[in-house]
Amino acid sequence: MATAVFKNITPIPDVNTFLDVVLSRTQRKTPTVIRSGFKISRIRGFYGRKVKFTQDTITEKLDSILQEFPKLNDIHPFHADLLNILYDRDHLKIALSQLSTAKHLVENVARDYIRLLKYGDSLYRCKQLKRAALGRMATIIKRQKSSLEFLEQVRQHLSRLPAIDPNTRTLLVCGYPNVGKSSFMNKVTRAQVDVQPYAFTTKSLFVGHFDYKYLRWQVIDTPGILDHPLEQMNTIEMQSITAMAHLRSAVLYFMDLSEMCGYSVAAQVKLYHSIKPLFANKVTILVLNKIDAMRPEDLDQKNQELLQTIIDDGNVKVVQTSCVQDIGVMDVRTTACEALLAARVEQKLKGSRVNNVLNRIHLAEPAARDEVARPACIPDSVKTRRAYDANDPNRRILARDIEAANGGAGVYNVELRDKYILQDPSWKYDRMPELLDGKNVADFVDPEIEAKLLALDEEEERLEREGYYDSDQEIEDADEEEVLEKASRIREKNKLTMLAARQKKIKNRPVLPRTAGIRTLDELQSSLQSAGLPSDSIEERARSRARTAAANEMADGSGVDLLMNEGEEIRSKSIAPRSQSNRRESGVHAEGARSYADRLARVKQIHRNRMARASESDRHVIAAKPKHLLSGKRGNGKTQRR
């Protein structure tokens, strides 16, 4: 359907947005780094790629606009004329042709500058050529400002047009303004057309839908038409003329005999005869509306004669209605639908396609064996059966009556098993067997299992009362008692050791090396004595190791060396340690110079701390542009690192 295509047109951007989209896409989708030291062929290819990519993007955008807009020569004549009335066919074609011309100009500019880039001898000249090419393309697009704005307005209006199918079953409502066309449409369809007591409330085509005989129908409410030449009709009236001229439908011509619409009966009859050529080969229904105010029988002689000129036409059917009091509204709809269905069937029978179908249809009729008539036989019981009456006490009781008597829906549970047809009626209410792996579960269920379980529970309680499960074994061996006592003391000691270790760890102290915690011989002896262990052998072993170390030192040197070493040792012990001056105070003599020096040191450390330097000698240069953050480009499905 063309109207569905109208609603799918992509929004058209203005000039500035168009250029922003194109240039930003070029910047994102093409390389951005080039150096003057690269090969000239690489530089030419770099800028040539940018020019070509920009031209491709502009061409793609303009092509999508040109392809999405409907071609007036290819769509239905109704939609083509409607677009001509609403937007002017020539204006629309000129706007589209200007975009097509701009597309070709952009292609020519890109072709010329790519040829010039092949002769660029430096990065600067190639860059200037690229800049000139993109500038000329942007200038060409900027000149299409008015065309893009006009096409965007047309697109917005097209998307709001009603979805009119020119090939489906259609009822077309027409007539003078304010004769009740929109009121009738609101009655027979789900549309909500604005109805006001003044003329030209409806200024465009409105569509409503309804179902009749399981078929989908559409009703088109047209704006009011005035009786004047076609050249003098405005856009609102021309929409109605276009619909009547091109849509194959049933035309409902509404007349207001009460003249409350502001137009006389004679004017309405004259308008009918003026637009009668548009009703050729169409089903025409004359709808006399507002009969609650004026009926045809109450008209004067002159108006009745004028009305009769329309009725005398053999192709016109007359229906009376009143939308205010809902008189004859459905009759109008039924009459129009039946007439249109018959006309469509008749038209299809006149076509050539029906012969292809009729040749394959054969109606089989039984051959008469004699002259005896054998009509359909209807039993007397069926003929005498009375119609069901809910108020009849002797009526047949239905399932609905049983449900209502037992609480209604949601309360009463319908018993469906009483309708089962089985060999034995007693089987109706048997429970359905539960099958598992092709076997009936009921066959494997012990009916006495609950009684057996109860007997087992009673026996268990009896054994517990008698002390059957109580243990008679007691520990009477003294050795076993001693072992158990030692084991309990060991477990208690391990627990205390673990707690002490935990308390030691939670103290906020630095962890010292193993050598810093060396204990003396006296501490070792005291700990062994407290544990009840001998310590004499430990002391003797320590003294022997000390004597062995001293003898080794004497064996390494001569006696003179030993005497010298002993003299040096005595002399070193007699010399007092040399006093050391505070290095922070050296070189600072004046009062207040210390605080100034500290303040100056802090100032000098600011830069080092900000640059995350370890010290003054830290000269490490970190990466100015981390490659894992700045390398790669996401585009065309290619990804490097990121």
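Quick reminder: no glycine exception, Cβ is built from N, Cα and C everywhere.
A quick note: this is a predicted structure, and the numbers were derived from the prediction, not measured.
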Residue among S471, S537, S572 with Swiss-Prot annotation phosphoserine is S471
Swiss-Prot lists as phosphotyrosine, out of Y429, Y468, residue Y468
Listed in sequence order, the residues of the same chain lying six or more positions from I225 (GTP binding site) whose CB sits under 8 Å from its CB are C174, G175, Y176, P177, M233, E237, S240, I241, L271, I275
Row N178 (GTP binding site), column other C-beta within 10 angstroms, all chains, value 22
CB neighbours within 10 A of I291 (GTP binding site), counting all protein chains shown, number 19
Residues near T222 (GTP binding site) by Cβ (under 8 Å) yet at least 6 apart in sequence within the same chain, in sequence order, are L172, V173, C174, K181, T202, L205, Q239, S240, A243, M244
